[in-house]
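Participant: Mind having a look at this structure? Questions to follow.
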Amino acid sequence: MGLLSILRKLKSTPDQEVRILLLGLDNGGKTTLLKQLASEDITHITPTQGFNIKSVQSQGFKLNVWDIGGQRKIRPYWRNYFENTDVLIYVIDSADRKRFEETGQELAELLDEEKLSGVPVLVFANKQDLLTAAPASEIAEGLNLHTIRDRVWQIQSCSALTGEGVQDGMNWVCKSVNAKRK
């Protein structure tokens with residue numbers, strides 16, 4: 001067996017671990033999203049007081065997803081989880097327009113963090129099942145996502161409740177990790 005075939009085999013092993021940081025304001029749907037990814041019951045979800053970790057298999061990767069609470073008093077502790085992050089997933093409640101400015105400020109601060117420099121970002125425009133939800137394009141414009149030049153990014157409409165759009169977002173995550181590791 002040649003070196004190339006050994007490398008190919010290593011590349012296709014399902015145990016490539018990916019560290020994903022799942023952040024966003026409280027009540028954005030982070031935990032619901034995580035439970036949806038893990039195919040768990042989403043009927044009884046309470047605010048996350050610390051963090052949840054789940055491992056999910058996807059496209060030959062073991063995605064270790066760290067879901068950190070989004071309450072204002074918890075946000076200063078987010079930086080304790082930045083180390084070795086492969087992908088940042090930022091969840092936004094698309095129906096809570098009153099908090100768009102606050103969520104934009106938090107995202108901007110995250111993008112300025114040195115330990116997250118160059119880390120791909122997926123923004124989930126969540127709660128698209130609600131009639132009052134802003135479309136992903138409007139959110140992208142409001143957050144000035146088009147000005148991000150130091151990393152790859154994607155905005156994905158989704159509903160963590162129904163699961164719609166969630167897999168599309170995770171497919172992008174896996175593609176980004178693959179591209180980064182080549």
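Positions of Cβ are set from backbone N, Cα and C atoms, glycine also.
Sharing the feature lines straight out of Swiss-Prot:
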LIPID     Gly2  N-myristoyl glycine
BINDING   24-31, 67-71, 126-129  GTP binding site
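Each of the listed features needs to be described in terms of its position in the shown structure.
Facilitator: In the shown protein chains, 27 other C-beta atoms lie within 10 A of the C-beta of Lys30 (GTP binding site). The DSSP secondary structure for Lys30 (GTP binding site) is helix.
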Participant: Hey, of the binding-site residues listed (Asn27, Gln71, Gln128), which one tops the CB count within 10 A?
Facilitator: Gln128
